[in-house]
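> Checked TrEMBL, it gives:
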DOMAIN    5-253  domain 'G-protein coupled receptors family 1 profile'
TRANSMEM  24-42  transmembrane segment
TRANSMEM  62-83  transmembrane segment
TRANSMEM  103-127  transmembrane segment
TRANSMEM  162-189  transmembrane segment
TRANSMEM  201-224  transmembrane segment
TRANSMEM  236-255  transmembrane segment
Amino acid sequence: ITIIGNLLIFMVTVHPSFRMPMYFFLRVLSFLDISTASIVVPKMLVNFLSEDRSISYMGCAAQLYCVIFLAATECYILAAMAYDRYVAICNPLRYAIIMNSRVCLSLVLLSCCSGNVVSVVQTAWVFTLPFCGPRNINYFFCDIPPLIMLCCTDTSLYEKQIIIATALVIFTPFCLILVSYACIISSILKISSAEGRHKTFSTCSSHLTVVTLYYASGTLIYLRPKSSNSQDTKKVLALMYTAIIPTLNPLIYSLRNKEVKGLLIKIIAE
């Protein structure tokens with residue numbers, strides 16, 4: 001369902017009528033969602049059906065790197081999408097000049113590079129910690145919270161480092177998103193007609209919904225990775241950003257966007 005939904009969004013937004021930067025970022029978001037689900041969900045489904053639920057040491061490290069890279073990159077892409085909406089609404093006459101193809105590509109590359117740096121540092125740090133005792137991970141994929149629970153040494157320094165990384169990956173982009181939407185709301189309130197205000201805000205509501213779901217689940221997991229919160233709660237939150245949100249994103253963006261919904265219905269009908 002995740003792959004089909006995001007592929008449909010990808011197919012729709014490559015149509016010549018969707019050459020706006022907003023749809024370019026939406027294609028990148030769909031690619032990230034497909035990749036995240038492909039890294040986590042197949043192994044999870046195999047574990048449901050097989051008695052052998054093991055994962056190799058290197059396989060675990062690779063899965064952790066990919067999940068952190070994709071999640072961090074998506075956080076930055078969501079911030080780039082907020083900036084795109086800010087320019088489109090607050091500076092519409094210069095939108096095409098400011099958000100040209102070079103700027104859009106640079107924002108995506110910067111997001112990927114930042115996500116890669118965060119992922120390399122986090123993965124390398126986790127796998128230099130000494131693991132001892134049971135090797136059972138109370139989780140459905142290799143992630144930071146269950147792995148540091150297996151450590152037989154004081155992890156307080158590493159937990160502080162995770163908080164710093166969380167601030168860089170989640171709070172910093174989120175603050176930029178809040179500033180962008182503060183300016184957007186200010187511009188919307190200046191629109192005289194109620195219909196115009198509603199139409200303008202409807203273009204942002206889909207993005208706000210995704211941002212709220214994604215950032216909230218990530219914050220609750222990584223801000224206190226070794227807290228007293230039950231692992232079951234963290235597993236539900238992790239399921240949110242690795243499986244549920246990638247499935248919901250195509251629905252959120254297609255149902256809230258008349259152009260996308262119209263062309264999607266046309267493609268399915270054909």
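Just so it is clear, glycine is given a Cβ too, placed from its N, Cα and C backbone atoms.
Please treat TrEMBL annotations as automatic predictions, because they have not gone through curation.
Surface or core, plus neighbours and distances: that's what I need for these features.
Non-local neighbours of the transmembrane segment (24-42) in the same chain are 2-3, 6-7, 9-10, 13-14, 63, 66-67, 70-71, 73-74, 77-78, 80-81, 84, 101, 104, 108, 140-141, 241-243, 245-247, 249-250, 253; each lies 6+ residues outside the stretch with a CB under 8 Å from one of its CB atoms.
Listed as Cβ neighbours of the transmembrane segment (162-189) (distance under 8 Å, sequence separation of 6 or more from its ends, same chain) are residues 71-72, 75-76, 78-79, 82-83, 85-86, 89-90, 115, 118, 121-122, 144, 197, 200-201, 204, 208, 211, 215, 218-219, 222-223, 225.
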> What mean pLDDT score does the domain 'G-protein coupled receptors family 1 profile' (5-253) have in the model?
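Over the domain 'G-protein coupled receptors family 1 profile' (5-253), the predicted model scores a mean pLDDT of 86.
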